[in-house]
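Quick look at what TrEMBL annotates:
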type: REGION; residues: 1-22; note: region 'Disordered'
type: COMPBIAS; residues: 1-15; note: compositional bias 'Polar residues'
type: DOMAIN; residues: 46-285; note: domain 'Orn/DAP/Arg decarboxylase 2 N-terminal'
type: MOD_RES; residues: LYS68; note: N6-(pyridoxal phosphate)lysine
type: BINDING; residues: GLY244, GLU278, PRO279, GLY280, ARG281, TYR383; note: pyridoxal 5'-phosphate binding site
type: BINDING; residues: ARG281, ARG317, TYR321, GLU355, TYR383; note: substrate binding site
type: ACT_SITE; residues: CYS354; note: active site, proton donor
type: REGION; residues: 418-443; note: region 'Disordered'
Amino acid sequence: MSGSDRTAGERTTNPPVRRPADWDAERLRSLAAEYGTPLYVLDPDRVRQNCERLLGAFPDATVDYAVKANTTRTVLETVEQAGLGAECASAGEVRRALDAGFPAERVRYTAVNPPAADLDAVVDWWREGGDGLTVTVGARDALDALAERGYDGRLCVRVNPGVGAGHHEKVTTGDAPQFGVPFDRADEVCTAADDVGEFVGLHAHVGSGVSGEDLSAHEVLVARMAMLADELDPAPEFVSVGGGLGVPYSRDEPPLDLESVADATRDAFDCDARLAVEPGRYVVADAGILLTEATTVKETEETVVVGVDAGMTTLLRPALYDAYHEIRSLSGTVDGDDRHARDPTLCLVAGPVCETADVLGEERVLPAPERGDLLTVGTTGAYGYEMASTYNSRPRPAVVTLDGETVARRETLADLTRLEADGDDDGTRGADTRTADTRGDDA
Ligand SMILES: Cc1ncc(COP(=O)(O)O)c(C=O)c1O
Ligand SMILES: N[C@@H](CCCC[NH3+])C(=O)O
């Protein structure tokens with residue numbers, strides 16, 4: 001069913017959230033045995049269900065996926081087939097979206113302080129047949145830079161809504177000055193956009209990981225943008241009110257009531273333009289789980305330290321935002337199963353990187369840990385693999401689907417030195433957005 005076949009408020013049958021305990025433990029054990037750890041496991045069916053739930057909750061809106069949450073080809077193809085559009089933060093994301101099959105008409109490039117190479121590439125692709133593509137500018141300069149390149153296509157203007165929200169101050173973007181044109185200059189930049197090309201949309205984004213309990217900033221943003229849309233001439237076709245829908249990371253957090261959020265959004269959206277939303281996390285977060293093995297177990301005065309083979313280079317969120325991810329043991333239980341019953345033990349779960357920040361979880365109660373235990377780190381489909389790095393020369397992990405198909409192969413030690421000088425300096429000067437790099441076929 002496509003979004004437009006639904007009526008507002010129609011309930012979908014998908015469970016509102018997949019908890020870490022809902023994953024099939026046997027299946028995860030066998031994937032870890034086959035592919036090794038650390039390993040991200042992704043369930044495309046869950047991505048599909050999340051897309052369907054969004055389309056059901058926002059039947060009259062355009063729903064775009066914020067590609068940055070997880071750019072793997074498997075996720076992009078699943079989201080494209082579900083009928084969502086793609087909101088892209090860079091030329092690389094635009095390339096990935098086009099390669100995954102998104103028609104240009106469903107691709108929006110949000111140019112935040114855009115590097116020249118990104119604009120060069122996107123304008124080239126637009127000229128080569130992607131004329132349905134929309135570029136969002138958040139500054140007058142970006143508009144001028146597009147005009148200098150001969151761009152006269154669809155333009156959306158990102159406005160700073162003056163209100164922000166999010167799970168952490170580092171992702172509370174709505175009131176940060178680097179995002180969007182100031183509200184009181186929006187009119188002027190929209191007029192300029194219509195001189196350069198075709199002004200089609202307004203955009204604003206409150207921040208990421210907004211809980212259902214505090215939608216006030218989101219509602220203010222929606223109302224402000226609707227008011228602005230009604231005042232503009234020419235009027236925008238659409239207004240994207242951004243992403244930011246939060247998901248529960250701990251057992252205590254309730255799932256977001258998506259229908260209530262949609263109702264609140266519609267109520268505040270009092271204008272003639274088409275509503276657009278662009279969630280990232282909501283689409284993929286609970287469709288992913290991380291598997292890691294305990295490599296060392298050490299008793300200290302304060303706690304039992306469980307050293308694991310995944311760390312801040314595998315999953316950055318705990319180190320960067322103090323983010324909570326549920327950690328479970330698949331090797332022992334604290335009750336129920338006699339074969340694996342072990343004493344509940346207070347643990348610190350730490351990774352293999354030489355930084356105090358390399359902690360995946362503090363004060364976690366696990367069945368008394370043993371070397372070789374398999375642990376899961378929950379709700380890691382969004383901003384997990386995507387933010388992985390090779391710091392400490394740790395190759396990035398593999399990603400597989402629940403069915404055992406490779407989404408991304410494990411990086412090797414040879415991959416780590418692949419880009420270092422070997423007498424051939426092609427690609428060193430300036431930035432390069434060759435598509436071969438995106439597809440990985442120039443290795
Ligand atoms: C412009 C924009 N749109 C959408 C998103 C998606 O946010 P989320 O993953 O919280 O839905 C982000 C990230 O916060 C963003 O910066
Ligand atoms: N990377 C952030 C979300 C930021 C979204 C980008 N605007 C997180 O893991 O929560």
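Using N, Cα and C of the backbone, Cβ positions are placed for all residues, glycine too.
Listed in sequence order, VAL63, ASP64, TYR65, ALA66, GLU87, ARG108, HIS205, SER240, GLY242, GLY243 are the same-chain residues six or more apart from GLU278 (pyridoxal 5'-phosphate binding site) with CB atoms under 8 A from its CB. Taking the Cα of the residue listed as 'active site, proton donor' as the reference point, the closest of the binding-site residues PRO279, GLY280, ARG281, ARG317 is ARG317.
The binding-site residues ARG281, ARG317 differ in how many other CB atoms lie within 10 Å of their CB, and the one with the most is ARG281. Counting other CB atoms no more than 10 Å from each candidate's CB, the binding-site residues TYR321, TYR383 peak at TYR383.
Only GLY244, PRO279, in sequence order, out of the recorded positions GLY244, PRO279, CYS354, GLU355 have a CB under 6 Å from ligand 1.
When the recorded positions PRO279, CYS354, GLU355 are checked against ligand 2, none has a Cβ within less than 6 Å of one of its atoms. Mean pLDDT, taken over the domain 'Orn/DAP/Arg decarboxylase 2 N-terminal' (46-285), works out to 96 on the 0 to 100 scale.
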